[in-house]
Amino acid sequence: MLPTSQAESARAQASYELADKEPHDDRAPPPSQRNNRDKIRCLDGLRGIACLLVFNYHFLWPWTPSIMLGYGAFPPGAPEPYWGLHQLPIICLLTRGRPMVAIFFAISGYVLCRHILRAIHERRLDAAYRSLSSSVFRRVFRLYIPPTVSMFLVAMLAQLGAFRPEDDIFMGRDSVYINGTVTKLSLGTPCVNGTAVAGAPGVAEYLGLQTSGYLYNTTGWDESLSLCVNATSKEFGPSRTYSLLALAEDEFRNLNGTDSDPGAKAVETYMQHYGDEYWPPYQGPVPLHTGNGTNMTLCDGTKVRNTTDFMLVQMGGSWEEHPFIHDNITYAVQNFTRAYAEWANPFNFGHYHPRYDPHTFTIPMELRGSMFIYIFLLGTAALKAKYRLGIAGGLMAYSLHMSRWDMATFLGGTALSELDIRRSDEARSLGPPATGSQRQKSASRDMALRYLGIVTALHFLSYPDAAAEYTPGFRTMAKWVPRYYIPLSGWMVYQSLGALILLPCVMRMPFLVSILEGRVAQYLGRISFSLYLVHGPILHSVGFWIMPRLFDYFGQPVGFVVGWTVLLTLTLYLANIWYKKVDLWSVTVGKRIERMVVY
């Protein structure tokens, strides 16, 4: 039987570890533990709502590029900016998933170590080390058992026909709702297998644009010039922005435009401003080729020296890993084993998206982040709190700068948890301010800082997944991304910072706390792990079948509403079953094995 202090720590662990959900204990905990449990309850609700927003993100992911782009984004090659009200900062978080991952990691860092930090602060180091050992041992079972079961079921169901073949989705008739449109615009060539249009207004009408004013290089071409447009549907989403940018830079470096070339002025202006900036200022159509040969004849008979081709890109949705369907069950099992081994490897520091559920790429990251903070606590448990916080702050800044944003977010959550414990202890020892006026003044100041913190955090979390360099309100922030991040990964820095700023503000806002402790948020928090594992297979099986047919029948706006309602209802129903049958059972596995092997 454990000593009293150790037993209390073990009982509290179920409440503290948010990812290790267990049935609620109705026994009243000590006051300090009750206060901690209330804080965890608030974060549990936040995690549940964040998981629902992840569903929204993946529901929209294949069908629209706007969820990855910010309001007014105008990446290279786009014929006009992307102006969607749902893309506005803060509002966009209703359909963004990547910021929610940062919030998951920050919450995990905050709650996983809280019972250990409490024991450290109370100088119960034996209890802290015992809890640390138990947490490390059980964490692997808790994180890996449910996704292992879900991915194996997906692999088997794919062989039984529950998932459509990948080519039917991304290359078949339904791909019209997924792929982007790449339009080649030619001036000075015969219009073969294309459509002749009159000047820039004709291009705008052909592409369905609101105005031709954003076409830059073509705006000087009057309607007397005939241009040839040829559009094709291609797998082209927002993540291709930077490969398109590289193409533009290479083409511009090799251009030798002249005044007689209709596009030369735009090229010359670009070249005058181009330098070793983080991104070039050019945003118009990307020139594919500029000839230097003899005079060419336009479709209307006009003679010019050179010809110019441009490429315009209207982005589509994003491709996502889909389950393979193999010819025989033996090969299916072999391929699943290979993919699973690569996914489960905790030393694979990339973002590996398995075919059997790409959204589980965060699970090995969760394991690494958990072990990182456990090792940190093991090495600093005997230190004074101020030194432990100093080391945590230095490691967090270093990790964030070196592109290990996940480790920085986990450790940042741990530092926030320790600061909160210290603040609570100091408040109890010092007591309230001497006068009511002092309390009111302090409360007003704190409330103003919390509102400012929440707005700042939400703006950071709104940092676009792609093309932030071409999005109003984020261009300057994009310049400050450390050079260790590739351009497409700049979101990792700001969304991690936003999550760490958000947590302490939310926990001290009574209005938000009341929402997060409400029945809906608490239910979502309770089934959040199940919801996270179930929603991907549902969207890839039922979702990829039903959505194109809803678009055909209702059109996209109504189709989105109907599809979201149907798929979310089905996902919540199955997530509830998964929670009862698999999730709760998986919690007991690690406990049982631990009881079998410990002294």
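A Cβ is built for glycine as well, from the same backbone N, Cα and C atoms used for every other residue.
Taken from TrEMBL, the feature compositional bias 'Basic and acidic residues' covers 18-28.
For the domain 'Acyltransferase 3' (42-165), residue counts in helix, strand and coil come to 85 helix, 2 strand, 37 coil, using DSSP. The domain 'Acyltransferase 3' feature in TrEMBL is assigned to 42-165.
Sequence annotations record features per position, and here TrEMBL assigns region 'Disordered' to 1-37.
The transmembrane segment annotation in TrEMBL covers 42-61 (among others). For the transmembrane segment (42-61), the list of distant contacts is 18, 67, 93-98, 100-101, 103-104, 107, 110-111, 317-318, 320, 359, 503, 506-507, 513, 515-518, 521-528, 531-532, 535-536, 539, 543, 560, 563-564, 567-568, 571: same-chain residues at least six beyond its ends, Cβ to Cβ under 8 Å.
The annotation transmembrane segment is assigned in TrEMBL to 100-120 (among others).
The transmembrane segment feature in TrEMBL is assigned to 141-163 (among others). Tertiary neighbourhood of the transmembrane segment (141-163): same-chain residues 19-20, 322-326, 329, 332-333, 336, 340, 343-344, 354, 356-357, 360, 363, 366-367, 370, 529-530, 533-534, 537, 540-541, 544, 578, 582-583, 586-587, 589-590, 593, selected by CB-CB distance under 8 Å and a gap of 6+ residues from either end.
Using a Cβ-Cβ cut-off under 8 Å and counting only residues 6 or more beyond its ends in the same chain, the transmembrane segment (484-506) has close neighbours at 42-43, 46, 98-99, 102-103, 105-107, 110, 239, 241-242, 279, 400-403, 405-406, 408-409, 412-413, 416, 419-420, 450, 453-454, 456-466, 468-469, 477-478, 512-513, 516. TrEMBL lists 484-506 (among others) with the feature transmembrane segment.
Sequence annotations record features per position, and here TrEMBL assigns transmembrane segment to 527-547 (among others).
Positions annotated as transmembrane segment by TrEMBL: 553-575 (among others). With a threshold of 8 Å between CB atoms, the same-chain residues lying at least 6 positions outside the transmembrane segment (553-575) that come near it are 55-56, 59-60, 63, 177, 527, 530-531, 533-535, 538-539, 542-543, 546-547.
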For the domain 'Acyltransferase 3' (42-165), the mean pLDDT of the predicted model: 93
